[in-house]
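As structure tokens, the structure follows; a few thoughts come after it.
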Amino acid sequence: MSANDQLPKSDSALWLIYYTIEHVEHAQYWQSCLADLTVQSQLIEAEKINNKFLKLHPDLALMVDEDGLWLTANGMKMQPAWQDEVPRLKRANPKNELIARACQIKPQLHSAVKIIDATAGLGHDSLLMASLGAEVILLERHPILFALLESAKKQAERHDYLANIAQRISIIHQDSAHYLTEIVQDQADVIYLDPMFPARDHNQKSEKKQAQVKKQMQLLHLLLPEDGEMDLGDALLDLAKSKVKRVIVKRPKHATFLDEQTPDHQWQGDAIRFDAYFQN
Ligand SMILES: C[S@@+](CC[C@H](N)C(=O)[O-])C[C@H]1O[C@@H](n2cnc3c(N)ncnc32)[C@H](O)[C@@H]1O
């Protein structure tokens, strides 16, 4: 069965949380966090959670183990896995990272650049920006993704290399359209947007690459609505522009402009680009 065989869960769906007895307290902790996010869940104790178990329980669900909270489906499991990003973070340098140039993250600045990442997802871009020295507020509206991010941050706080970086990261469960309406002018230096992108964009070259979507992305797509009803984030651009002097939008290299607005500047990478919108 492919990851695409399943439909996203509705907002009112009951989430099963699998755990083994030694992690019962963690499982109860996550169940109560999810209840605070108005997500109903049921704890299911398993004798052993291994590949065989995951294959026998292919429906979209959650799982708790010593590494925190996981999303599971179709025999796979995924989490933001910030620890796997460490080699990439160690190689990163503000001078050669396009994201650092686009967001003006400079280590020699006296005070850290304040960035609102209004489309957090798995938090990988924010983790990179924080590792380069920025202070980042992540906004994620999907409760399950938010819980996975919270779990990733907790893991990071206990990790030798990531602990300092995690201190510069805050995560908020809210729709950015609401959050950005409420903030005052220039509360942040930069608003960063990386909204979901339709799978079949005519301007997008890499049909082949779509077929190679990583496991993480396959499971992520199960959480989010199908293309037809997908909110592509167009409305966030004008709102963001009304609040800060610099808005950066990440796009696949050949994608259309967000909200069809021509950017003031672009940084082109191999597969992606950053579009910048400046306000005086
Ligand atoms: C493509 S992913 C972002 C990936 C992210 N840049 C990363 O590095 O992992 C887009 C995410 O933005 C979230 N999102 C989209 N619109 C949003 C909004 N208005 N408010 C909050 N989150 C939003 C979606 O739920 C999804 O998780």
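Positions of Cβ are set from backbone N, Cα and C atoms, glycine also.
Per TrEMBL, the features are:
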type	residues	note
BINDING	Glu140, Arg141, Asp194	S-adenosyl-L-methionine binding site
Site extent for S-adenosyl-L-methionine (largest Cα pair distance over Glu140, Arg141, Asp194, Å): 13
Of Glu140, Asp194 (the binding-site residues), the residue whose Cβ has the fewest other Cβ atoms within 10 Å: Asp194
Cβ atoms near Arg141 (S-adenosyl-L-methionine binding site) (within 10 Å, other residues, all chains): 18
